[in-house]
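Annotation comment: TrEMBL describes Asp374, Asp761 as active site. What TrEMBL lists as UDP-alpha-D-glucose binding site is Ser338, Lys344, Glu345, Asp374, Lys515. Annotation source TrEMBL lists Mn(2+) binding site at Lys516, Asp540. Annotation source TrEMBL lists compositional bias 'Acidic residues' at 80-89. Marked as compositional bias 'Basic and acidic residues' by TrEMBL: 98-112. Residues annotated as compositional bias 'Basic residues' in TrEMBL: 644-662. Residues annotated as domain 'Cellulose synthase RING-type zinc finger' in TrEMBL: 13-85. Here TrEMBL flags 68-119, 641-666 as region 'Disordered'. Sequence annotations record features per position, and here TrEMBL assigns transmembrane segment to 253-272, 279-299, 839-859, 871-889, 909-929, 959-982, 988-1010, 1022-1042.
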Amino acid sequence: MDSAADTGAKSNKTGGQICQICCDDVGVSADGKPFVACLVCAFPVCRPCYEYERKDGTQSCPQCKTKYKRHKGSPPISGDEVEDSDPDDLANTINHLSRVEGEKHPKPERTLSWDTNYSRGEDVVPPNYSKEVPLNHPPFLANGSSVSGELSAASPARLSMASPESGIRKARDSGPLGYGNVAWKERIDGWKIKPEKNAAPMSVTTAAPSDGRGGGDFDTSTDVLVDDSLLNDEARQPLSRKVSLPSSRINPYRMVIVLRLIILGIFLHYRITNPVPNAFALWLISVICEIWFAISWILDQFPKWFPVNRETYLDRLALRYDREGEPSQLAAVDIFVSTVDPLKEPPLVTANTVLSILAVDYPVDKVSCYVSDDGAAMLTFEAMSETSEFARKWVPFCKKYSIEPRAPEWYFTQKIDYLKDKVHPAFVKDRRAMKRDYEEFKVRINGLAAKAQKVPDEGWVMQDGTPWPGNNTRDHPGMIQVFLGHNGGLDSEGNELPRLVYVSREKRPGFQHHKKAGAMNALVRVSAVLTNGPFLLNLDCDHYINNSRALREAMCFLMDPNLGKSVCYVQFPQRFDGIDKNDRYANRNTVFFDINLRGFDGIQGPVYVGTGCVFNRTALYGYEPPIKPKHKKPGLLSACFGGSRKKSSKSSKKDSSKKKSGKHMDNTVPIYNLEDIEEGIEGTGFDDEKSLRMSQMTLEQRFGQSAAFVASTLMENGGVPQSATPESLLKEAIHVISCGYEDKTDWGSEIGWIYGSVTEDILTGFKMHARGWKSIYCMPKRPAFKGSAPINLSDRLNQVLRWALGSIEILFSRHCPIWYGYGGRLKFLERFAYINTTIYPVTAIPLLLYCTLPAVCLLTGKFIIPQISNIASIWFISLFLSIFATGILEMRWSGVGIDEWWRNEQFWVIGGVSAHLFAVFQGLLKVLAGIDTNFTVTSKASDEDGDFAELYMFKWTTLLIPPTTLLIINIVGVVAGVSYAINSGYQSWGPLFGKLFFAFWVIIHLYPFLKGLMGRQNRTPTIVIVWSVLLASILSLLWIRIDPFTTQITGPDVELCGINC
């Protein structure tokens, strides 16, 4: 430790610049002046790096791309002007590099598995994988019963080892162009060896680890042929790339937005300055609604100003962290699956999700699956036991034949040519056998579900005769069962399987458990104690991994040396199976996932949508991201949209302590100093025992009374203490899921999933963005995850009601984005996005009024717009054209189809006048009066069985009342308006068209709702029924008007006109 500090001080005393590639001093030239490699931009590069770039690299400056000129004393290369040179220059340079290598610092005793400290400014040491320490003691439950399986490679016995042959280099934050010291040592070593190897490839038996990659030592019996040129070119490249949209697509889109904004302003000015005296109330209501719609449109539209695409490079990720023949250096990932009621969330669905996780294309010792059973159901426990057994056959089958998707239910039911690209002669036989095994497994799971329908009077009893601890779902102890582990679970071919852990947190009467958010926080603590992977993936129980390389896609961002250190999570879009072809109720939500979130990604990142999200564990613990130094003055757009950069005094303390923490050489030493969360102590170190005790007290006040968990929070790169035994870890894990653990801590307020809303996902992501973190939106070609969505109208409305209610709760809380987080680093347009996310349900009130106005106008003969001139009509037409142009151009750059866009517009009205409206009133009752109301859904009838039978099932709920009422009054208004026009003559048809246009606008938007109410009606198309009723009413009125059975008077009426007619 002292050696590293002395070296850093010595480097600073020289006053020289630091090389932006290898982090050594730039040094001086032959004449004693500071060495300048590039004479154009003076980008700081040392002489060895300069020589390498000229000889084997790009021969140009990394910053300005100007071709390097030859300096005095440098060996000539092809293309240089001929001049005298010293033949010993190259050898002298190599010797100089050797001396630098000989001055390395002492080595720490332990490191952790994934070494990315090169991107965080720490001294690092890669681990030694040449020895194993077996874990021979099985863990036990809290009540003493045996736990199957063992804790695996995340334990320090495997991942935290000494590395006596490894050196240490001082790392740094990478420069703005992405040049760091990734794999730099291999490049230098390869350069020194090249003169000695002209023909044969390099045979590596003991590879020196890369400082940037965190590689480990090879086993002495390993022979690996390394292509140096490939390594040197690729290892330094970024793992992902942000791709802006073509200007030919985005510029017209932005121009139309600006034009629409101008037209909207002129339109509102006209509406406000031209009241309707004979319908003043109707005019006032309409103007207020239109102003609100304009504000809502601005909040929704402008966060989509900078849409981007992203590309990932999985080959570069493998080259840097997962080379063939070497121990994988990919980061460990803890995967969370949450479930509550197995009767509503079928265990077979959860089992498929777990199987897809266990078969994921990722190193098995880096994957841990935690299943949270918040209902403490024995059915879920037994289903996980069956799943762990079936996984021993399913996982090797998937990996042997590269099966996609790796959820058996969806793999065997997909209607594709499963023999495509399959060349293995045994595939058909093995697939047939596996399908038979899965059907047997499916029968067993369904048998368990059928048995669980009726609970015995004495409660469930386990196989050993003891009562099931979770018989009382509201009063039971915490339970943890390790089904699969490193040495406790092998597949049918003898290979290791990922860990599978069942978790049910303790519940007692009188405690607030915070539903899903509380369950997720319990999983965060359990996983931190048992495996402590630096990254977390959370999935709903009905969302399986559809792309087996999804975790690698996320690692391209989270493990990128430049980007990863400031990323709080990587969000994937939600895709769904089992939705009807026409997507009647916009279940796919394509506009949101393919347009809105891509727009957010160009600002500060997408919002967290509750599932399919890979988290940085450090961000969940409430820490702030590292601050990047500013290299240039911000431009106009940055000034407008970059948000406030002011830091509070507390943040300043955190920043200073993070810089100090970069001096720690040992990976197990916290990168976040104790001062990171110390509010009252400034500048105290670890040597002061009193200060250390105070800091420990502050840690426990924040994270809870668990020494093991507190220690895990300070290990940025994961891992658990090497001295910990499985029994002690299980005991501590039971402690951290106790129902009183979170009392008087920051859990739910600053740490983990945030409490206070049923949509805890939006609130959690907002807190992270407010601290300055960035999120990433990853859209691989093959969808990463797929789930199920309710296709029934009532179920869909109740789902939307829950989301809207959560937004209303946030709107009336202290975390409302309208007033929260202005002292942080939330960007201006990102705040717009969050405001729109929380305020959108309020639009239901003006929307309901606006949809009622056409019927009122038709029934009363009045209108909200006065007689307009030709010029005014131009602005009305221009507004409608700009609305359509915005939608068309949005579809053009996003790839969303017009049918998907139109379904989204229709359901915006349907959900707005039903679920959003109820959410507003329910939220007001809950916040102001403390009254919690629920809406029940009752199944009534189904028209027929078969595919999508649920789509036509009628379920009564009070949410159906408002849109049904709107449909009836608008249809009645249309009939009355047409009848009035017929009776009044041709002069009344002109004003009628405007009223009919608005009425038909409402009816067309509510048309899918009407189809949901009527079902198939014995296969008669609903459109026929609707138009039949409408036309019948109009024809009836026309018949009454014509009245053919009455004698028509052809001459003048003498009684009225008099004798002079």
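Glycine is no exception: its Cβ is also placed from the backbone N, Cα and C atoms.
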Helix, strand and coil residue totals from DSSP for the domain 'Cellulose synthase RING-type zinc finger' (13-85) stand at 11 helix, 6 strand, 56 coil
CA-CA within 10 A of Asp540 (Mn(2+) binding site), subset of recorded positions Ser338, Lys344, Asp374, Lys515 in residue order, equals Ser338
Near the transmembrane segment (909-929) in space but 6 or more residues beyond its ends, with Cβ under 8 Å, are 585, 797-798, 800-801, 804-805, 807-809, 811-812, 840-845, 847-848, 851, 935, 958-960, 962-963, 966, 1002, 1005-1006, 1008-1009
Quick one: do the transmembrane segment (839-859) and the transmembrane segment (253-272) reach 3+ CB pairs under 8 Å, ignoring pairs fewer than 6 apart in sequence?
no
Longest inter-residue Cα distance for the UDP-alpha-D-glucose binders Ser338, Lys344, Glu345, Asp374, Lys515, rounded to the nearest angstrom, is 16
Least crowded of the binding-site residues Lys515, Lys516, counting other Cβ atoms within 10 Å of each Cβ, is Lys515
Per the Cβ filter (under 8 Å) with a sequence gap of at least 6 from its ends, the transmembrane segment (253-272) is approached by 286-287, 290-291, 294, 297-298, 301-302, 305, 865, 872, 875-876, 878-879, 882-883, 885-886, 889-890, 892-893
Listed recorded positions Asp374, Lys516, Asp761; those within 10 A of Ser338 (UDP-alpha-D-glucose binding site), CA to CA, turn out to be Asp374, Lys516
Here the Cα-Cα span from Asp374 (active site) to Lys344 (UDP-alpha-D-glucose binding site), rounded to a whole number of angstrom, reaches 13
Under 8 Å Cβ-Cβ from the transmembrane segment (279-299), and at least six residues away from its ends along the same chain, one finds 261, 264, 268, 271-272, 832-833, 835-836, 839-840, 843, 846-847, 849-850, 853, 856-857, 860, 862-864
Same-chain residues at least 6 apart in sequence with Cβ under 8 Å of the Cβ of Glu345 (UDP-alpha-D-glucose binding site), in sequence order, are Thr339, Cys541, Asp542
The predicted model's mean pLDDT over the domain 'Cellulose synthase RING-type zinc finger' (13-85) is 75
